[in-house]
Amino acid sequence: MCGIWALFGSDDCLSVQCLSAMKIAHRGPDAFRFENVNGYTNCCFGFHRLAVVDPLFGMQPIRVKKYPYLWLCYNGEIYNHKALQQRFEFEYQTNVDGEIILHLYDKGGIEQTICMLDGVFAFILLDTANKKVFLGRDTYGVRPLFKAMTEDGFLAVCSEAKGLVSLKHSTTPFLKVEPFLPGHYEVLDLKPNGKVASVEMVKYHHCRDEPLHALYDSVEKLFPGFELETVKSNLRILFDNAVRKRLMTDRRIVCLLSGGLDSSLVASSLLKQLKEAQVQYPLQTFAIGMEDSPDLLAARKVANYIGSEHHEVLFNSEEGIQALDEVIFSLETYDITTVRASVGMYLISKYIRKNTDSVVIFSGEGSDELTQGYIYFHKAPSPEKAEEESERLLKELYLFDVLRADRTTAAHGLELRVPFLDHRFSSYYLSLPPEMRVPKNGIEKHLLRETFEDSNLLPKEILWRPKEAFSDGITSVKNSWFKILQDYVEHQVDDAMMATAAQKFPFNTPKTKEGYFYRQIFEHHYPGRADWLTHYWMPKWINATDPSARTLTHYKSAAKA
């Protein structure tokens, strides 16, 4: 995890513009660099480094002697870089995984390059010989990327929007900043004056398609067919591989553990993989919650079962409320459920940064969207409709859960790794017949639970524990986090303010006082940028007025049972 930033065709003083790049310094606390592009005085790169691999030669932009005309700034991890290096006999100058991008591009061009990358990434690649600029982002947008571009060809790119909003340009006083779409790459022409012109935007991968890099994967051969035992075996193989490949780091690895199915599977598998790799340190797991939190109790059971070195982080309602301003600033969104869920993750990341030397964190993000884990999937009218909704959620991860996971950890200089969003694992899961993936017997993620039932990775009570949203599980059922927040904002937003909400906020008008309160904070930090959130996250197929699972009939029934 790092912070990348670049300008092309700036007509303002670069030393002034570069101040904007310092707004993402939290993403790379170990080192930073600004570098002008040779022959283009109005083009430059900025890089904030979190040293995870190759501490000696890992600074960026990456340039190697063999390709003096190529400049690369990237944020991410390319897990198959060694396999590709060996397959094509590339001669590396560094041990940095991103160097593979330069070699692949020289060999086969940008499309083949990006399709061959197994990992999470956002990059800016400059080819001064052919006068081209390329931007690219991974399939699910696990690594963030934003851009601003004017009609006269000024281009600015950054890992977070906050690094672009204060940039100046003579023809456009208010730069439109927007997220770069996941699963896409863009080709731009570089003009002699340093400005650019977009040539094409290409969608290179659909989440259901097996990625091209699967041809060079180290995964053992999968069994054909959709018999249940065959599918379960294949899923176990792919999940183990997804965790194993993410061990790539020179820094200590830890794991977030809520006690829910997803993070518990990741933690247990991770501990197994670390032992097999003969890693010498014990796995640390971290859980957060208020007193009487069901997550703390469940996480404690998992930690005892797998034998991790477990840490519990307690917080109270006042600490959570006080963090809201920092959280919304870090998130760059005002989505209600995202803000709620981010507070706990922000606070536990802060604790890890302050109290440990670890920077690489594993987590269970992406599973709910992939495996139909949200409780409202019980109301899906058909398996086909559930499949459509699952794919929609995956496509929008970069606006919600992936955004939350990245910003709350990156705010404290940490790097998150998410095995459930592995290309091979997710594409295989989505290739299964729709009826195999729906909730069964009143239990969501039934297939995933069945898959690991005989693996001894988890206690049965955890494997079959009902879904609990992270923002709900950190507090007790009697005093839910969403209720604490709503009670607080009741005294911050009055009825008169709500009556004029549509006039004050005509786009994505908040319908609740909680939503109004978050929007106020967002507008304070990012005035006029409400379009970064296209819509609020809400459950489907039910008449929900609040995104919390604890407001749903299914949850209430389960809680009473």
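Cβ coordinates are placed from backbone N, Cα and C, and glycine is handled just like the others.
Annotated ATP-binding residues in Swiss-Prot are L256, S363, G364, and among I288, I321, I328 the one listed with them is I288. A separation of roughly 23 Å, to the nearest angstrom, links the Cα atoms of D97 (L-glutamine binding site) and E365 (site 'Important for beta-aspartyl-AMP intermediate formation').
Our reading of the L-glutamine binding annotation (R49, L50, A51, V52, V53, N75, G76, E77, D97) yields a largest Cα to Cα distance of 14 angstrom. For the pair T545 (phosphothreonine) and V53 (L-glutamine binding site), the Cα-Cα distance reads 45 Å. Apart from R49, L50, A51, V52, V53, N75, G76, E77, D97, the residues listed for L-glutamine, the same chain places the Cβ atoms of M1, C2, G58, V96, G98, E415 within 8 Å of the centroid of those Cβ atoms. Each residue contributes its Cα atom, and for E365 (site 'Important for beta-aspartyl-AMP intermediate formation') and R49 (L-glutamine binding site) these two points are 24 Å apart.
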